[in-house]
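Listed features, source TrEMBL:
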{"type": "BINDING", "residues": "Lys192", "note": "substrate binding site"}
{"type": "BINDING", "residues": "Asp217", "note": "Mg(2+) binding site"}
Amino acid sequence: MFDNVPQTLEMLRSKGKQLVFVTNNSTKSRADYKKKFDKLGIPAKVDEVFGSSYSAAVYIARILRLPAPKNKVFVLGESGIEQELASEGISYLGGTDPSLRRDIDPATDFESIANGSLLDPDVGIVLSGLDFHMNYLKTAIAFQYIQRGAIHLATNIDSTLPMAHSFFPGAGASSAALVKAVGKGEPTSFGKPSQAMMDAIEGKFQFDRSRTCMVGDRLNTDIQFGIDGKLGGTLAVLTGVSKKEEFLAEGAKTVPTAYVDKLGDLLG
Ligand SMILES: O=C(O)[C@H](O)[C@H](O)COP(=O)(O)O
Ligand SMILES: [Mg+2]
């Protein structure tokens, strides 16, 4: 963690600034993040967290509103997605179901998927996110649901996951096999820097875009979200970005982490 994060957040709160913690990581729910913040000593409320799983669940429950009974969600991902779907009252299957965390059995599974006996006829949506347990069986089932009319949505489509000061396959890589098999391009996704995520955050928190700035860690997601005219236009604050020149070329102002105490001045 960067130095002085709790102090910086406290300073912002003391100036009456509204804080929203935005993450594309679908493996954790807002409640999971609250626990993580507690462990790190960062004061935060569950309601201040906005994740891609929650964003997708809100879209499915409040905007898409598929008519029952064909409104169940087949999940390709971890418990964060399941928790947020449950919080919006959406029925789901797949996800962390241990019976699907296995190799496909060619002697039986192809037939059972093809004849529908391994499928739930009420699935109307396939929702994919970062999946630490990807396998052929789940991909094949998801593919069949989509072939039978289910809508493919994604929490987010990041190519990589930054971990341990390196990069690993991200949510977009998790669903890449499915996307290739379906052949219709990327699914609608709800993470940064999508307009869907932006609209959802703005809808929930009612903030003024022209007086908003975003602190992020990557040019391809967080930073674009901050400068592409959707969030504050040209102002963003960096806490560590590898391609600073590219960011500057976009006309953004930057503040090194060491001067993050100026954040309040920037926000006025
Ligand atoms: O692949 C992903 O899902 C993302 O790379 C990852 O979860 C990071 O999300 P962030 O919290 O940085 O938005
Ligand atoms: Mg990030």
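Every residue, even glycine, has its Cβ placed from backbone N, Cα and C.
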Structural state of Lys192 (substrate binding site), classified by DSSP into three states: coil
Number of Cβ atoms other than its own within 10 Å, given for Lys192 (substrate binding site): 27
